[in-house]
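To start, the structure under review is shown below, and the notes come after it.
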Amino acid sequence: MNWIQLAQEVIEGKRISENEALAILNSPDDELLLLLQGAFTIRQTYYGKKVKLNMIMNAKSGFCPENCGYCSQSSISKAPIDAYPMVNKETILEGAKRAHELNVGTYCIVASGRGPTNRDIDHVTEAVREIKDTYGLKICACLGILKPEQAEQLKAAGVDRYNHNVNTSARHHDQITTSHTYEDRVNTVEVVKHSGISPCSGVIVGMKETKEDVVDMAFQLRELDADSIPVNFLHAIDGTPLQGVHELTPIYCLKVLSLFRYVCPTKEIRISGGREVNLKSLQPLGLYAANSIFIGDYLTTAGQEETADHQILKDLGFEVESVEEMKASLQGQ
């Protein structure tokens, strides 16, 4: 397939088919640079050489009643993690200060559990208002399954974006968790959209799914019209049901990122958890398809040093998108 021609057709408005998407994942490895060139042509059309930086605050860790097979915080995990209840407001504000110092545009407040209590919502919204007043950061919340009235409260407090991943395909979902349904996840994204908050929803690749499942994930997110799509690559943690699963190669991960760029050309594609251990030395190439990364640590696993990420961007000739630019792009969605 002519990847450069396909990319140009995407820029002109073509929505690629499932067969074309599957061809991306099945493409010969020696076509990788051509595939990435096409993905970069699309990425550059909509985002230039700007990169959005995101940072996570793990505001509540562990104690989750759900049985997600990939997660070290789940009820079935035996992984030794640092579990704690919701942190105080001062800790959340300290994280925001650190994000501001590192020129991060989006600060992500994440809490474990099936969904937030009303008390959790009150606590988070109080912190969000202070962060907005003090640092002006864009705020993404990730608190679990959300009720409409909770979404409205978050919106009123100034939350810009809400993350709730579909994680995998509808077909593969019950192989990963049975404590909630795929529809529960999709419904939360719809609740977020209805409230006026920008929806963020993504995937975890490498959980024994098929290539067809990965294509289904991308098309589901295209249908959901998620503004931001975090693409995680499984970091198999000892003590979880998926421990020891290492199916991914750096080249396949790059094909996955390219797939999401071709299927969702105008969306923020973020290289998320597991990028260091799965992309390895090919991490920089991922940004030819994606336009966003997390810096710093993840929820229960360590990321690489922030200085290393900034060096990657400098070496690529890319620029960090400023907070002001991120606000402007959000208002345009």
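Please read every residue number as a count from 1 along the shown chain.
Cβ coordinates are placed from backbone N, Cα and C, and glycine is handled just like the others.
Shown in sequence order, C64, S77, T240 are the residues of the chain, 6+ apart in sequence, with a C-beta less than 8 angstroms from the C-beta of C71 ([4Fe-4S] cluster binding site). Annotated [4Fe-4S] cluster binding site per Swiss-Prot: C64, C68, C71, in sequence order, evidence recorded as sequence analysis.
Taken from Swiss-Prot, the feature [2Fe-2S] cluster binding site applies to C108, C140, C200, R270. Other Cβ atoms within 10 Å of the Cβ of R270 ([2Fe-2S] cluster binding site) number 26 in total over all chains.
Sequence annotations record features per position, and here Swiss-Prot assigns domain 'Radical SAM core' to 46-275 based on sequence analysis.
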Q.
Return only the integer: C-alpha distance in Å from C68 ([4Fe-4S] cluster binding site) to R270 ([2Fe-2S] cluster binding site).
A. 22
Q | DSSP three-state assignment for C68 ([4Fe-4S] cluster binding site) | A | coil
Q.
At a 10 A cut-off on CB-CB distances, which of the binding-site residues C64, C108, C140, C200 has the highest count?
A. C200
